[in-house]
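Taken straight from TrEMBL:
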- 41-63: transmembrane segment (TRANSMEM)
- 84-106: transmembrane segment (TRANSMEM)
- 136-153: transmembrane segment (TRANSMEM)
- 199-222: transmembrane segment (TRANSMEM)
- 248-273: transmembrane segment (TRANSMEM)
- 325-343: transmembrane segment (TRANSMEM)
- 355-375: transmembrane segment (TRANSMEM)
- 381-401: transmembrane segment (TRANSMEM)
């Protein structure tokens with residue numbers, strides 16, 4: 001995506017995007033989930049701190065990736081740069097159909113839940129209507145933000161000793177910190193990535209960690225462990241205990257905070273799908289943008305519709321676990337790709353941010369632990385992620401690997417683009433290029449060398 005300087009994101013805007021994406025639904029969804037798995041106040045607070053440390057290590061790795069490979073698309077761009085096309089396509093499919101729409105669904109459902117909780121003080125609604133209103137409010141604000149995106153950018157008593165439970169609790173913490181890589185999805189839209197990415201990511205995680213731990217300490221100072229575990233809206237109970245009549249306002253203030261979370265998630269998910277289309281891994285309509293705002297409108301709409309569908313899966317805790325497992329599986333592969341590219345001496349800009357080699361290796365080991373430990377005792381955590389990866393590989397084998405596709409597929413693709421242009425007022429952009437080396441990324445016909453496909 002080619003972006004004019006006026007539309008690019010500066011340091012202040014980048015920090016705002018990071019903080020807005022990190023602080024949001026996580027602090028309202030994760031506390032009870034973490035405490036259920038860890039069993040104690042002390043271990044719960046440690047989990048929040050460990051989540052911040054892991055996120056900080058990951059941020060350093062992704063700063064290196066973002067300044068070395070200055071293309072939008074985050075993990076997809078990095079796997080493509082390493083020429084790992086099957087895995088790039090597979091995880092692109094996983095991301096646009098499971099991982100990022102799940103995040104959007106969780107945030108939407110949380111928004112609706114808090115608004116309904118606030119309205120409960122003013123109205124008499126039964127449980128059925130509460131659920132309906134929760135979804136209606138969530139979808140309504142999602143449509144509004146989609147429209148906006150069309151135009152812009154004893155503390156340790158009872159602690160569990162089960163390692164897999166601690167890791168599942170850590171999943172909740174990592175979900176809360178998710179967002180430190182939001183700018184990697186739109187690197188081409190960031191002013192001076194070498195300077196902006198480190199400042200934004202580190203400030204975002206630092207501010208979020210302080211806020212999260214402080215809020216949890218306040219929660220534990222007022223609520224009992226049983227109250228904490230029994231409610232998904234602990235902030236509302238906390239407000240009722242501490243603010244009296246003013247507590248009626250709190251659910252609506254929380255909902256306002258979640259709007260920033262939703263906005264940045266829409267930004268990231270749509271750019272990921274757009275980057276895949278620009279590299280001929282998705283239908284051409286997702287490559288199209290509005291000529292003035294550079295907004296990938298078709299990609300935004302499709303991701304929103306998938307998120308609405310996923311929201312009907314119900315259980316927030318399980319949805320968080322499924323999403324987190326898929327996300328960290330993807331990050332594991334990206335770490336292998338980074339280490340591979342460094343040992344193969346891929347050409348990168350001289351002014352890139354470069355970590356000592358032990359940093360990506362350490363992050364890789366952390367990723368492996370987060371994947372292996374929970375599955376040993378509960379394979380259901382991987383029940384959606386692994387099949388989605390296999391489906392993505394099948395899509396690559398059937399639609400991407402062949403140098404020529406049936407004519408009817410090209411006709412369908414062209415017709416969809418025409419419909420998209422009429423509905424969304426969008427135009428196709430050129431195929432993505434490697435701006436660092438001034439070499440076009442390979443399309444379907446270029447994955448051939450000496451008569452053999454790579």
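Using N, Cα and C of the backbone, Cβ positions are placed for all residues, glycine too.
Any TrEMBL annotation is an automated prediction that lacks curation.
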Exercise for review: Between the transmembrane segment (381-401) and the stretches 84-106, 199-222, 248-273, 325-343, 355-375, work out which stretch tops the count of Cβ pairs under 8 Å.
Suggested key: 84-106
Review point. Taking residues 6+ outside the transmembrane segment (325-343), which of them lie with a CB under 8 Å of any CB in it?
Key: 58, 61, 64-65, 75, 78-79, 81-82, 84, 87, 91, 94-95, 98-99, 102, 171, 174, 178, 357, 360-361, 363-364, 367-368, 370-371, 374, 381-382, 384-386, 388-389
Point to revise | Dominant neighbour of the transmembrane segment (199-222) in 41-63, 84-106, 248-273, 355-375, by Cβ pairs under 8 Å | key: 41-63
Point to revise | Segment-segment contact (the transmembrane segment (84-106); the transmembrane segment (41-63)) at 3 or more Cβ pairs under 8 Å | key: no
Point to revise | For the transmembrane segment (355-375), distant same-chain residues with Cβ under 8 A (at least six beyond the ends) | key: 54, 57-58, 60-61, 64, 163-164, 167-168, 170-171, 174, 321, 325, 328-329, 331-332, 335-336, 338-339, 342, 381-382
